[in-house]
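Per TrEMBL, Mg(2+) binding site is recorded for Asp26, Glu213. TrEMBL lists Asp26 with the feature active site. Under the heading substrate binding site, TrEMBL lists 27-31, Arg39, His43, 71-73, Trp75, Arg77, Arg194, 200-202. If you look up TrEMBL, you'll see Asn74 marked as active site, proton acceptor.
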Amino acid sequence: METASDVAHPPVFDPRVPRHVAIIMDGNGRWAKQRGRPRTAGHREGVKSVRAVVEESVRRGVETLTLFAFSSENWRRPRTEVNILMELFMTALRSEARRLNENGVCLRVIGERGAFPEKLQQRIAEAEALTADNTRLNLQVAANYGGRWDIVQAVRQLALDVQAGWLDPSQIDERRLADRLSFPDLPEPDLFIRTGGEQRLSNFVLWQSAYSELYFSDVLWPDFDAAAYGQALDDYARRQRRFGLTGDQVEQTVPALVDSCVG
């Protein structure tokens, strides 16, 4: 993987490359079951796929990558599996934070982290602080996260602002709500990928994915390597995003947008 010093200039904006990719990493348990191994073996193997996708994102010019690591519903899983997931999270933060920092990747964790053990919360904060100034790739890990939770906590903030007299209810609009979601400073996902063959959103970045392109892969997450990820990016490059416009309107708008970004 290239180091931060290998790239002298940021890549020119290319509408064929998604600025933000969000991924539901599904299929760890089935991967392990097919091999007669415990579910946790699939989770451990999946860490290698995370590394491959992060590296390919940097290589292809993706600006932000958001990975769904642990949903707010995952607490319902067997206690032994949850405990191992927490241990794996701790281990990955310890082993990968320095590597991410060396390669210019900024890490942040989104979700309700207050439910995590104090030691894990501390490890998250340390990894975020270490990589905070990096700019090659924004890597978001969604942990104890749910799309509905995200919307509810944003609405709660708006309600408190109204109660305090800082905001009139008539001023509440999409922008003000979006500004209180988990990553208001980053672009919304352009491409939403789910591995493992299932075709559902599973309560992941619901508000932010209103106009995302959806890509469902049959490949189980531990087998989702750089080549499989590249296929998803190539598929995205062939699509025409409309955002409510006609195809003709999009064809007229995109070249002008590219010219303005390059100029």
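All positions are counted from 1 along the displayed chain.
Note: Cβ is positioned from N, Cα and C throughout, glycine not excepted.
Taking a C-beta cut-off of under 8 angstroms and a sequence separation of 6 or more, Trp31 (substrate binding site) has the following same-chain neighbours: Gly42, Glu45, Gly46, Leu220, Trp221, Pro222, Asp223. Calculated from their C-alpha atoms, the gap between Gly27 (substrate binding site) and Asn74 (active site, proton acceptor) amounts to 14 Å. Sequence-distant contacts of Asn74 (active site, proton acceptor), defined by Cβ-Cβ distance under 8 angstroms and a gap of at least six in the same chain, are Val82, Leu85. The two recorded residues, Trp75 (substrate binding site) and Asp26 (Mg(2+) binding site), have Cα atoms 16 Å apart. In terms of Cα spacing, the binding-site residues Ser72, Arg194, Leu201 that come within 10 Å of Asp26 (Mg(2+) binding site) are Arg194. According to DSSP, Arg194 (substrate binding site) sits within a strand segment. Among the binding-site residues Gly27, Gly29, the residue whose Cβ has the fewest other Cβ atoms within 10 Å is Gly29.
Sequence-distant contacts of Arg194 (substrate binding site), defined as residues of its own chain at least six apart whose C-beta falls under 8 angstroms from its C-beta, comprise Ile23, Ile24, Asp26, Arg200, Leu201, Ser202, Leu214, Tyr215, Phe216, Ser217. For Glu213 (Mg(2+) binding site), the number of other Cβ atoms no farther than 10 Å from its own Cβ, over all displayed protein chains, is 18. In the three-state DSSP classification, Gly27 (substrate binding site) falls within coil. Of the recorded residues, Ser72 (substrate binding site) and Glu213 (Mg(2+) binding site) place their C-alpha atoms 24 Å from one another.
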